[in-house]
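S.K.: Could you have a look at this structure, given as structure tokens, before my questions?
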Amino acid sequence: MEPVDPNLEPWKHPGSQPRTACTNCYCKKCCFHCQVCFITKGLGISYGRKKRRQRQRAPDSSQNHQDSLSKQPSSQPRGDPTGPKESKKEVERETETDPLD
């Protein structure tokens, strides 16, 4: 390490700040410009306030879409509800007609 003049403030030490100003460019050279550029541009870390996105108002067509969903018939259970009962009856009939030896 080079000896630093004790009369200089820490932010004025040589090498503490880059010679050129930071830019909005995201090229590789600018991403490694200084520590701040590397953290914000290179790593994508920013601790500032996040801008709030304004909600977009739903157009009138979305109301019609909701209405069409409510008009659709509700889902019914799949298969014939009497199907399993009939198959049991058929099995019982087969066992009665075919005696076991």
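All residue numbers here begin at 1 and follow the chain in the order shown.
Positions of Cβ are set from backbone N, Cα and C atoms, glycine also.
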S.K.: Which one of Cys22, Cys25 goes with His33, Cys34, Cys37 at the Zn(2+) 1 site, as Swiss-Prot has it?
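M.R.: When Swiss-Prot describes the Zn(2+) 1 site, the candidate it includes is Cys22.
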S.K.: Looking at the recorded positions listed here (Cys22, Cys25, Lys28, Cys34), whose Cα lies nearest to that of Arg53 (asymmetric dimethylarginine)?
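M.R.: Nearest candidate: Cys25.
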S.K.: If one measures from the C-alpha of Arg52 (asymmetric dimethylarginine) to the C-alpha of Cys34 (Zn(2+) 1 binding site), what distance in angstrom results, rounded to a whole number?
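M.R.: Cα to Cα, Arg52 (asymmetric dimethylarginine) and Cys34 (Zn(2+) 1 binding site) are separated by 29 Å.
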S.K.: Using the alpha carbons only, what distance in Å do you get between Cys25 (Zn(2+) 2 binding site) and Lys51 (N6-acetyllysine) once rounded?
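M.R.: Here the two Cα atoms lie 21 Å apart.
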